[in-house]
Amino acid sequence: MGLCSDRWITRMSREHGMIEPFEDRQVRQGVISYGVSSYGYDMRVAREFKIFTNVLSSVVDPKAFDPKSFVEFEGDVCIVPPNSFALARSVEYFRIPRNVLTLTVGKSTYARCGIITNVTPFEPEWEGYVTLEISNTTPLPAKIYANEGIAQVVFFTGDEPPEVSYGDKKGKYQGQHGVTLPRI
């Protein structure tokens, strides 16, 4: 399994639409950086958010998640309440090749402020906008800046294609648009 370089990421995005829209350089001036980097791609967070609220005093159940537990918000800056989280989506649409798996890690700029981004791996032949989970681990409100970097995606090629890809099994998050809540 090999880690993929900026050249590979750029070629796959330009020739095969792996990342759209694709930023072929790292944009850094006055923003939290995004775009291609040496061995990854810093994706951006879009303007649509679902901010968790516990006004219903409910139990969080991934098998029966109540959509009323979220407040929908659209804007350039999202305020995540203390010790809470928000769901968001990427600006970029991803199409993962059959022999590739990705891992995603949060940006250090946010992590150093107690803001953690979680994303599960993009499996072979998965495609869609990425649903991001953004946790504010601090006792204070935290700002998230739309259309700026939120997490870095690193791409790994397998030594051979999988027998069954995410696309083959018609995974439940295939082709997702918008912020997608848990599905069973």
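Cβ from N, Cα, C; glycine included.
When Cβ atoms from all protein chains are considered, those within 10 Å of THR109 (dCTP binding site) total 15, not counting its own. Annotated dCTP binding site per Swiss-Prot: LYS107, SER108, THR109, TYR110, ALA111, ARG112, THR131, LEU132, GLU133, GLN152, TYR166, GLN176, in sequence order.
Around the Cβ of GLU133 (dCTP binding site), a 10 Å sphere holds 14 further Cβ atoms from the protein chains shown. Per Swiss-Prot, the feature active site, proton donor/acceptor maps to GLU133; the stated evidence is sequence analysis.
Sequence-distant neighbours of ALA111 (dCTP binding site) (same chain, six or more apart, CB under 8 Å from its CB) are absent. Under DSSP, GLU133 (dCTP binding site) is assigned to a strand (E or B) in the three-state scheme. Sequence-distant neighbours of LYS107 (dCTP binding site) (same chain, 6+ residues apart, CB-CB distance under 8 A): ILE32, SER33, ASP42, THR117, GLY149, ILE150, ALA151, GLN152.
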